[in-house]
Amino acid sequence: MAHHGRLSSLLALLLLVNASMAFYLPGVAPHNYKKGDLVPLFVNSLTPIVSSNSQLKSVISYDYYYEPFHFCQPEGGPQKQSESLGSILFGDRIFNSPFQIHMLEDTECKLLCTTPAIPKEDADFITERVKENYAINWLIDGLPAARNAKDERAEGDEREFYGIGFPLGYASAEKDYVNTHYLIQIKYHSREDDNYRVVGVVVLPTSSNNKEENGKVSCAPNGPYQFQYDNKDTITYTYSVQWIESTTPWATRWDNYLHIFDPSIHWFSLVNSIVIVLFLTGMVAMILLRALHKDISRYNAVDAQEDVQEDYGWKLVHGDVFRPPTRAMFLAVLVGNGAQLLAMAGVTLVFAVLGFLSPSNRGSLATVMVILFMIFGSIAGFVSARVYKMNGGEAWKANVALTAVLFPGIILGELFGLNFFLIASHSSGAVPFGSMVAVLALWALISLPLSVIGSYFGFRKPRIEHPVRTNQIPRQIPDQPFYLRTIPSILMGGLLPFGAIFIELYFIMNSIWFHRIYYGLGFLFLVYSVLILTCSEITILMCYFHLCNEDYHWSWRAFLTSGASGFYVFLYSALYYFTKLDIGSFTGTVLYFGYSAIISLLVTVMTGAVGYVSTLVFLQRIFASIKVD
């Protein structure tokens with residue numbers, strides 16, 4: 001019966017994965033248009049994309065109306081649109097535009113504007129952005145304007161999908177050309193009562209050497225536009241609009257954007273992770289059920305006999321195993337913040353898998369993560385206080401302050417530092433001063449007080465008692481074999497948790513740096529669960545080996561063994577940089593490795609907390625089960 005229960009649970013999880021690949025709640029109410037209604041087109045930041053058989057050449061985004069681009073502006077100047085905190089933090093900068101698009105009204109070759117004379121340095125700037133494969137990003141009815149793309153790696157599947165954004169221009173062997181004419185194809189779905197809904201937006205840009213005469217322009221093929229770099233270049237921008245009826249209902253209009261590249265690789269990732277967990281579970285089960293059970297029975301049988309026999313094995317260290325570690329304060333703070341990150345990631349993924357974080361609600365994922373991180377400051381305070389008190393700490397005021405300030409301060413400090421690089425490069429990704437103040441206010445008004453409250457309740461709880469007494473004089477630790485020494489054992493232990501996630505990590509990094517929508521959230525949720533299991537099991541396993549060799553310094557080693565997975569994440573980021581990216585600027589390189597370091601630090605602290613708590617529970621259980629005089 002138990003076997004059938006486990007099988008049905010596994011099947012339910014796999015069904016959840018399949019469902020979450022395509023299921024989401026729309027997030028915003030549909031907008032019904034009548035024939036002739038104005039359909040606003042909003043512009044967003046320009047971002048680098050990857051064209052076929054090329055590498056990403058930049059990580060810096062630019063405002064659409066950044067002066068060197070000389071794009072046409074609406075009457076009265078661009079007006080910024082309201083955005084969520086997460087949308088701003090992730091670099092969205094949305095403005096109105098001069099495009100006039102009306103429901104079901106096709107437009108042929110409409111003049112947008114002719115730019116003033118473009119200085120040579122601006123022409124050079126635009127040309128460099130064309131060479132770096134920058135894309136223009138528009139929004140119509142909440143949908144990103146897309147380009148038609150094909151998954152070249154998907155065998156036997158020629159179905160096209162939508163790649164977000166369309167090229168600023170294109171490069172040939174001799175020249176670089178700027179796209180000057182935009183064919184905007186808008187797909188619509190008919191409803192009753194002559195209502196219509198937008199269900200798809202594709203832009204087909206071309207480079208044409210248009211010339212305006214008396215307010216009119218011809219879009220006949222006139223050769224591609226190229227700069228003369230003589231401070232006299234002008235660009236005449238034009239656009240056409242085509243309305244195409246579609247059978248796609250509004251509720252599934254995002255499906256073409258949510259393309260999962262080669263789902264079989266995701267399945268391989270999941271199977272790979274599950275195999276690692278099954279292997280570790282088998283090892284841990286063998287130790288718990290065979291070796292530990294045999295040890296405990298033997299220890300207790302020896303104690304029952306009259307004749308005195310010497311202790312051996314892991315029982316030898318019973319008087320030292322719960323000795324407080326060095327730098328107990330710092331360890332408690334890191335474990336508390338790791339528990340905070342674990343809760344934030346888990347709850348965010350649950351919301352995402354249930355469909356509450358729709359891509360149509362821009363920035364919702366980042367907003368929820370920031371708010372949950374602030375709220376779960378209470379967990380950080382509580383866990384840190386409990387661990388610190390258990391280890392005999394008395395400087396409770398310092399513990400409260402460090403838990404609330406140290407780790408969030410390091411993360412915010414590094415983010416603010418990287419923000420100065422973004423400001424210096426005139427990137428739209430630079431977080432505005434007002435948003436920086438808002439994040440600090442959230443931390444000061446929500447996270448800080450909740451962390452203090454959590455610490456208060458943590459210190460009020462009685463101290464966690466250990467099942468055995470600690471000797472006054474520390475036991476001498478014998479020389480350890482090479483593979484059980486500190487650094488080799490930590491590096492070996494961190495490999496398995498990283499091995500459980502590295503394939504999914506590849507897709508996450510593609511999503512971050514290539515500006516793709518990541519939507520394999522069912523896979524990610526299961527991989528997250530597998531990561532927690534792997535961290536727990538590998539630290540328990542390594543701790544048992546160390547105890548059998550009379551090495552009782554487990555606290556920091558348990559934290560760092562599973563936390564070493566974050567170190568491998570950083571190494572993988574470096575490998576990704578040299579194999580997938582071709583960033584030529586110093587600023588771009590600093591930004592890439594800066595953000596990679598932050599991600600690696602977050603992974604280290606989160607997985608380290610899992611390893612420490614798992615090992616603590618394991619040791620409490622096994623030493624409570626033996627008789628000690």
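Every residue, even glycine, has its Cβ placed from backbone N, Cα and C.
What TrEMBL annotates here:
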SIGNAL    1-22  signal peptide
TRANSMEM  267-289  transmembrane segment
TRANSMEM  330-357  transmembrane segment
TRANSMEM  363-388  transmembrane segment
TRANSMEM  400-424  transmembrane segment
TRANSMEM  436-459  transmembrane segment
TRANSMEM  490-509  transmembrane segment
TRANSMEM  521-547  transmembrane segment
TRANSMEM  559-578  transmembrane segment
TRANSMEM  590-619  transmembrane segment
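Proximity of the transmembrane segment (436-459) to the transmembrane segment (590-619) is not established, fewer than 3 Cβ-Cβ distances being under 8 Å for residue pairs spaced 6 or more apart.
Taking pairs at least six residues apart, the transmembrane segment (521-547) and the transmembrane segment (400-424) share fewer than three Cβ pairs below 8 Å and do not count as touching. Of the two recorded stretches, the transmembrane segment (267-289) does not lie close to the transmembrane segment (400-424), with fewer than three CB pairs under 8 Å once pairs fewer than 6 apart in sequence are set aside.
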